[in-house]
Each structure stands twice: as C-alpha cells, then as structure tokens.
Amino acid sequence: MLNPVEPRTSRRTTLLSRPAAGTLVAILAALVLAADQFSKHLALTNLPYQEPVEVWGQFLQLYLTRNPGAAFSFGEEVTWVFTLVLAAAAVTIVVLAVTRVRSRTWAIVLGLLLGGILGNLTDRLLRDPGFLVGHVVDFINTPWMWLGMNPAIYNVADMFIVTMMIGVALLVLRGRRLDGSREGDDAPAEDADVSASAEPARESRDDD
C-alpha cells in the first residue's frame, strides 16, 4: 500500500496571507512606536537631566540624557548617517512585509523591530537640534552592563531593536524563510516524489 506523500507545507510554520502579515507588522510597529514615544515623554516630563534616579540600586537606574549616536551612545559624530540607516531599514522592512512575509513568526519579529526603528527615527527627524540630526532620548541605565567607554543608557526602542535583531539572527540560523518555509523543504519533497514513483515499480516486480 502506498504511503501518501506529505505536502511541502507540512513543515512550514503558521502561514498568513500577505495582507494579514502586513497588517500584523503595522499593528505591532505602531504599538511599539507609541510605547517608546510615550515613555520618552514621561521621562522628559518627570526626570532630572543627567542625574541618576535609583530604581533597583546599581542594577537599574533612570538617567535622562540625549544621545546623538547609535544605540548605547556609539558613533556620536555621525548622527545623520544613523538617521539614513534607520530610514533604509524601515523601508526595507515595509517592502518585505508587503511583498514577501507570510510567516507569523517573521511578521511578529519584523513588526516589533520596525516599531523600535521608527521610535528612534522619530527622534532623529523631529527632536533638537534639527531634522536628520535630532538627538535620541535615552533614560534607562543599567550600570552593570558596561560597554567599553560608554555606559549602557538606552530606551524602549533600543530594547526592541536589539532583541528583535537577535530574533532575526535566530530565524535565519534555523533556516526559517519569510514565506514560512524552511531551508531544505524542497529537497525532502523531491526525494519523497522519487520514492513514491519508485514504489509501484517495486510492487510490480513483487507481483511477477
């Protein structure tokens, strides 16, 4: 008796239609953007500038500052470059969300990443000292996380950017494609087709 060949989609993750994937990316990005900007508003309204406010000793502090560089205050001399990089990354994610993403996992990761990117991009475009060179509002300080010459002072957007970039790396390493398939899906399917076509020939020889 022939064993039915499993469809190639059997090894895929949960699939969404392209409109649904794009909508999920947009909703998550909007939520992260709103959370980031609201938290920055609260920090600017309630925290003293560049004075530590202890939340949990030396483990977690609030420390309001403005960052002209990248995440964790790197590259302060080339603010406009980071603005262009953020804009390019945001456009790339939007294009992928509209044209290629069907995996729910990828949609979630890219949506949260896009929200983080838009959070800092909004600061670059709209905050002082001016368009493209605005300083990002940072206010979360973890003194134990010392990064070379710079203390680890960041914001909500930075947290989503860093964690979701790790998520992207893990998905790529695991062979998860944007459309929900995995690397190697095609080869097993072809092998299964060959095995299925060879099965009747073996049965014919057995009957003889």
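Numbers here mean position along the shown chain, with the first residue as 1.
Heads up, the Cβ atoms here are built off N, Cα and C, so glycines get one too.
Looking up the ranges 15-32, 105-122 in TrEMBL, the one annotated as transmembrane segment turns out to be 105-122. Most other Cβ atoms within 10 A: among the active-site residues D138, D158, that distinction falls to D138.
Here the C-alpha separation of D138 (active site) and D158 (active site) works out to 9 Å.
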